[in-house]
Amino acid sequence: MISVIKSLLTLSVLSTLAAAKFESATPPIEVVGNKFYYSNNGTQFLLRGIAYQQDTSGSVSNGYDSDPNRKYNDPLADADACKRDVQYFIDTNTNTLRVYGIDPDKDHEECMKIFSDAGIYVIADLSEPTVSVNRINPEWNLDLYERYTKVIDNMQEYSNVLGFFAGNEVTNNRTNTDASPFVKAAVRDMKKYIKDNDYRTIPVGYSSNDDEDTRVAIADYFACGSLDDRADFFGINMYEWCGRSTFATSGYKDRTEDFKNLTIPIFFSEYGCNEVSPRVFQEVGTLYSDQMTDVWSGGIVYMYYEEANHYGLVSLNGDRVSTLADYNNYKSAIKSISPSLARRSTIQSEDSTKTMACPDNSHSTWRASTELPPTPDEEFCDCISQSFNCVVADDVDAEDYSTLFGEVCGYIDCGDISANGNTGEYGGFSFCSDKDRLSYVLNQYYHDQNERADACDFAGSASINDNASASTSCSAAGGRGLQSGRRSSTTRGGSSSSRSSSSSSSSSTGSGSSNAGIKVGGGQMSTVKLITITTIVTAFVGGLSIIFY
């Protein structure tokens, strides 16, 4: 009992320290069991949302955008637009906006205040079009960690931040379920970051597509495990109800049955099929009816602005907004709902912390490991990199790294810099920057060749580091460590020198064929090493799969 009282007092103190702006107008939303509640009165919160961002083609439903020049419009940094649009949200009883890309270097206070005064919350994606987990070659690395934490730092002070998405449709079919451990690691680390910085508790979740093969397994995957690791909520981009339909024939009944036992809130993170135009939004009445509200927490209509995809509720000509038929139909539908709302006081204590078993990853449709990638650790990467005697030359362009990775990994085992979401094997240096990872393997090769002068050249792409520090031991968060300086080619920890278990996810050649070799630059390279190289190289060529057979 004493420990419980101490915990409650600690939470009370932290709550006081982490008081957010605009709480009187928009009290923080909290997660209890499988529902959202207003923190001030314990009434259930159902999302009545609209997706709010122009030109989101690079951040919506693509999972990853390799175009480094793509720009995105941050709608929460444009106060004039927020003032212009807020009345259209008020008129549709909107209480949630989904924003797909936040610029963490911009100020968002004026827009957040405008929306708070209107009782509107924001749920924001932590990624942006070119900085997100790539479903083809997934990583959870320092660049992503820095991007995600900067968004949290920028937005955490506003009480009307409902939550953050750590990913959107990253895994979108059975062929890329290995990407999910990297997104779940992002969920885990962002929850810990929020807690470690004494920010108020802000939910972190995931937004998925509605893929028939993976829809149930991926929801269970993000909801399973410890409270520290699991997602706080789960969104599904749902486009099954088109035109006029019913709860039973649309697929909504089946989906409600699929997720009735999910232990975290689930909602439509996008909805509004446009196969029939204009959209009549008949599904709105069902979504907020007793048939669904015990399982579902509402939804977010896709989308506010009319774009080439014709999902818009309004059109924009210069700064002039014109409502479309979709807007008027949605307005009529959403203003007609009268949902029954649950009360937090009725939730049993054991239900509020209930978790679930993780899905079996031995099936062909779900292969994601429950072992998650390590937390990116900048100090660890810096510690190791300072000891490299051979490094990539500063004048080598990042787009040329793939060629060097392919060459050097033909000579040595690159397990320490690679990661496999199917087997749950993550090299101890896999989360560091591309430049540091390349220098790591160049340095390893240099020492394996007994520091021959020509072993640190690679046609001028590598050079001797005269300022290398003395060999020392570096440890990463969670106890992972690597020996800096000179080291053998045998990998450490969970990564065996043969990397034999890594082949199961990308090739039918197993350990029995690991001795088969291919000559590369005068060296013998095993088939298993070849698979590792393929995984590394494809990360630098925008999704092009390179097969060396």
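Backbone N, Cα and C atoms are what each Cβ position is placed from, and that goes for glycine too.
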Of the listed cysteines CYS409, CYS432, which one does Swiss-Prot record as disulfide-linked to CYS414?
-> CYS409
Based on the record in Swiss-Prot, give the one of CYS82, CYS111, CYS273, CYS358 in a disulfide bond with CYS224.
-> CYS358
When the disulfide-bonded residues CYS273, CYS409, CYS432, CYS456 are compared by other Cβ atoms within 10 Å, fewest goes to CYS273
Which of these recorded positions is closest to CYS432 (disulfide bond) if you go by CA atoms: ASN173, ASN261, CYS390, ASN467?
-> CYS390
Out of CYS111, CYS358, which has the highest number of nearby Cβ atoms, where nearby means within 10 Å of its Cβ, if these are the disulfide-bonded residues?
-> CYS111
Cα-Cα, CYS111 (disulfide bond) versus CYS224 (disulfide bond), nearest Å, comes out at 35
Work out the three-state DSSP category of CYS381 (disulfide bond).
-> helix
